[in-house]
Structures are given as structure tokens and as C-alpha cells.
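Per Swiss-Prot, these features apply:
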type	residues	note
REGION	1-29	region 'Disordered'
COMPBIAS	11-20	compositional bias 'Basic and acidic residues'
BINDING	T76, T77, E92, F93, D117, A118, D138, V139, A140, T141	S-adenosyl-L-methionine binding site
Amino acid sequence: MKASSSLPDGVQRRQFDNRSRLTTHGTTVYGEPRDTDGWRLWDAGRSKLGAMFKLDIETGLTGGESILYLGAASGTTVSHVADFAGPTYAIEFAPRPVRDLLEVATTRPNLIPLLCDARQPETYAHVVETDIEYLIQDVATRGQATVALRNRQFLAPDGKLILMIKARSEDVLSDPEDVFDTIISTLREGYIIQTRQRLDRFHDDHLAVVATPNM
């Protein structure tokens with residue numbers, strides 16, 4: 001098991017209910033507890049990236065990086081990301097969650113919510129900077145590998161992709177491991193896979209992938 005030093009600056013393990021829990025420093029977003037020092041609990045059961053940290057999956061994140069986050073929803077995970085990252089572009093296609101994101105961003109000036117479809121990066125290419133250090137994708141749709149390939153254009157040559165693959169969003173009938181293999185095969189058209197690990201302890205039928213662009 002990796003030591004907690006693998007966590008980015010701005011993410012700490014602190015005591016909640018006499019247990020060591022992941023936290024970031026910031027305002028409460030989804031009803032999570034917050035200690036007297038301003039550190040709020042990061043619930044790995046509600047966040048795939050949080051689950052990756054709990055499972056000691058090495059992401060390479062150190063804190064302060066520029067982020068393009070696809071599938072931001074109402075901000076559960078991306079709010080924690082913005083607590084420790086640099087400029088964080090949050091892409092979400094549904095208007096209702098974006099309204100929540102705008103509220104989250106009021107206390108996080110580095111968080112930039114965008115009402116856009118991650119499958120159509122041309123709709124936000126004029127806003128998102130190039131040479132982004134991390135592309136983090138958590139999109140519940142078919143064609144998850146295609147989304148990652150289309151958004152590779154924003155990554156710096158030495159940037160990284162963190163992809164949460166949801167097997168049931170691709171195919172509800174096939175064995176999840178077969179679905180993962182198919183997606184990984186497509187992903188290799190534009191990425192070099194560094195890590196793949198299932199998240200079943202926290203999220204059924206999900207696979208975490210860390211990759212670098214194959215340029």
C-alpha cells in the first residue's frame with residue numbers, strides 16, 4: 001500500500017468519527033461534515049476520484065495543476081478537485097446541475113463551470129486553455145473512450161488522463177471486464193495506459209484508468 005504522501009498537496013487524511021478520512025479544505029457542498037479547521041470530508045462512496053485516493057491508486061496529481069473535468073454533475077467531486085488544483089474547467093451538459101456548479105464556484109474562483117457536451121469539445125475549445133495538465137473524465141454515456149480521444153487535444157504532451165469507466169453505461173448485458181477491455185483497446189488509439197484498477201470496493205462495475213497521450 002502506498003503511503004499518504006502520494007496524495008496531492010491540499011488533500012489530507014484527517015480524523016472524522018475516530019476514523020482516518022480523506023479531506024480537502026473548503027466550503028461544504030453536498031452536506032459533508034467539516035471540522036473546525038475548515039477541512040471537509042471527501043466521501044469515496046460518492047466520488048470515483050476519491051475512491052482512487054482511498055485505494056492508493058497513483059494518479060501523479062501533486063496539487064496546483066490545470067484540470068479539464070468532464071462530467072462535473074452538481075460538483076460533488078469537482079469541488080474537491082478545485083480545492084487543491086489550479087484552473088479547473090468543469091464540463092456538464094445538463095442545465096440543472098450547472099446551476100449548482102455555479103453556486104459551488106462562488107467560493108472557488110478557480111472553478112469554471114461550462115454548460116457543454118463533453119462529446120463535442122469544439123463547443124468549448126474557445127474557452128478551455130491548451131496544454132492542460134490533467135483531463136479527468138467521469139461521464140455516464142456510451143462511447144467513453146471516444147470522449148477521451150476527442151478531448152485529448154487539450155492535454156499537454158506530458159499531461160495525464162484519469163478516466164472512470166462505467167461498464168453499465170456502455171453495455172448493460174455484457175460482462176464488465178469484457179466492456180473494460182473493449183474500451184481500453186479503443187483508448188490505446190490515442191493513449192498509453194499506465195494504470196487500470198477496478199473500484200468495486202466503493203463503486204460496482206467501475207474501472208479507473210490513468211494514461212498519457214500517445215503523441
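Each residue, glycine too, has its Cβ placed from N, Cα and C.
Structure with Swiss-Prot features highlighted.
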{"residue": "T76", "record": "S-adenosyl-L-methionine binding site", "Cβ contacts under 8 Å, 6 or more apart": "V29, Y30, D43, R46, S47"}
{"residue": "E92", "record": "S-adenosyl-L-methionine binding site", "Cβ contacts under 8 Å, 6 or more apart": "G71, A72, A73, V98, L101, P113, L114, L115, C116"}
{"residue": "D117", "record": "S-adenosyl-L-methionine binding site", "Cβ contacts under 8 Å, 6 or more apart": "I91, F93, T123"}
{"residue": "D138", "record": "S-adenosyl-L-methionine binding site", "Cβ contacts under 8 Å, 6 or more apart": "K48, L49, Y69, L70, G71, A73, T77, M164"}
{"residue": "A140", "record": "S-adenosyl-L-methionine binding site", "Cβ contacts under 8 Å, 6 or more apart": "G71, K166, S169"}
Taking T76, T77, E92, F93, D117, A118, D138, V139, A140, T141 as the record's S-adenosyl-L-methionine-binding set, what's the max Cα pairwise distance in Å, rounded to a whole number?
19
Can you tell me whether DSSP puts E92 (S-adenosyl-L-methionine binding site) in helix, strand or coil?
strand
